[in-house]
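Copied over from TrEMBL, here are the features:
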type     : residues : note
DOMAIN   : 14-307   : domain 'Acyltransferase 3'
TRANSMEM : 40-59    : transmembrane segment
TRANSMEM : 71-92    : transmembrane segment
TRANSMEM : 119-138  : transmembrane segment
TRANSMEM : 150-171  : transmembrane segment
TRANSMEM : 183-200  : transmembrane segment
TRANSMEM : 207-226  : transmembrane segment
TRANSMEM : 232-250  : transmembrane segment
TRANSMEM : 257-279  : transmembrane segment
TRANSMEM : 291-309  : transmembrane segment
Amino acid sequence: MKHFARMSVETETVLRALAIAAIVFNHAHPVQNETGFGMGGGLTFLILLSGFNLARYSFHGATSQAFRRSCLMLAWRVAWPTLLIVLLDWLVTGHEPAPGYLLFYSNWFTWHHPELLQIWYPQVLIGLLLLFWLIFHIEPLARLVHARPFEAFLVAFVAALAIRAIAPEWLEPAESRGRLLHFYAWNFLLGMLAYSALHAGSGKWPIVRRLAVVACAAAGALVAFGPAKSDFWWLCAATAIWVTVPRMSLPRPIGQAVRVISQAAFTVFLLHLFFLYLWRHALLPDQPIPQFLFALGGSVAAWVVMTAFSRAFRAERSASSASNSSSGLQEAVA
């Protein structure tokens, strides 16, 4: 039996790949018993990682102005590919997109979505990013958050979780089914809290900080979902593994595949329903595993192709710019 060399992979990378794979599998063949327990829940961890990465790459060490600019840039990076999928849905299914799909507000009025995209998730992300952009215009508050990030994000998390607890009773418009930014703000803030606890603090009491993150994840999942739903178990288990096991050792082929799937996660989310649509309209067998592999593999392959084209385009532009600069320099010297 052949033994593959092993490689070390960040646990965050492994869990992101598992989370997006679980989403694809759940949509390929929903598995749900009478209690509502199914394969769903990976999205809760992806929302946590969205908040974590916003804090890691855009908040830590940045000025308030730079952070606001990053929020707008990230919102745009979510918005434009989402709009492309909405237009793809129009071309493929013939369903004219509602204005709410194009302007990212439909989740406030209906749980319906384009056939090829669960649009509420990009809408929630964009709403949260714009909310942070607005909040960080309040300079005294921004200075406080920068000075005491762990305490500030902990207070914000508790407040957001309290809003989530009362939201179904007071703050849920008819037909929205809870797919709104104030239903998931706690989930996003949990990621920002995790970053401030694990990386942005003074380094004191690391075990206590890690346990605090796991406890907050469990509290949030309990309030938002309850133990009868797989979302609860997904978030609790993934967070506990993430904060206690920094890296995993995997056979190299598996590790490389995990890294690619993880990097392609948002593209997979945007495209997997399109590939499921192709499978089902080709009248292929309604079997969960082949559908899952087709949707996941097709989405990842699309990401690989788009990434290769993007890199080639940037390299060509860079080479062209360097060539023009060199020619200009020669002319100036001559």
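Glycine is no exception: its Cβ is also placed from the backbone N, Cα and C atoms.
Fair warning: this is a prediction, and the values are worked out from it, not measured in the lab.
Under 8 Å from some Cβ of the transmembrane segment (291-309) lie the Cβ atoms of residues 21, 24-25, 27-29, 260-261, 263-264, 267-268, 270-273, 275-276, 278-280, 284, all in the same chain and six or more residues away from its ends. Below 8 A, the CB atoms of the transmembrane segment (183-200) and the transmembrane segment (71-92) form no more than two pairs separated by six or more positions in the chain, fewer than 3 in all. Same-chain neighbours of the transmembrane segment (232-250): 6-12, 14-15, 18-19, 22, 40-42, 44-45, 48, 187, 194, 198, 210, 213-214, 217-218, 220-222, 225-226, 258, counting only residues six or more beyond its ends whose CB sits under 8 Å from a CB of the stretch. If one looks beyond the transmembrane segment (150-171) by at least 6 residues along the same chain, the residues whose Cβ comes under 8 Å of a Cβ in the stretch are 55, 144, 178, 180, 182-183, 185-186, 189-190, 192-193, 196-197, 200-201, 209, 216, 219-220, 223-224.
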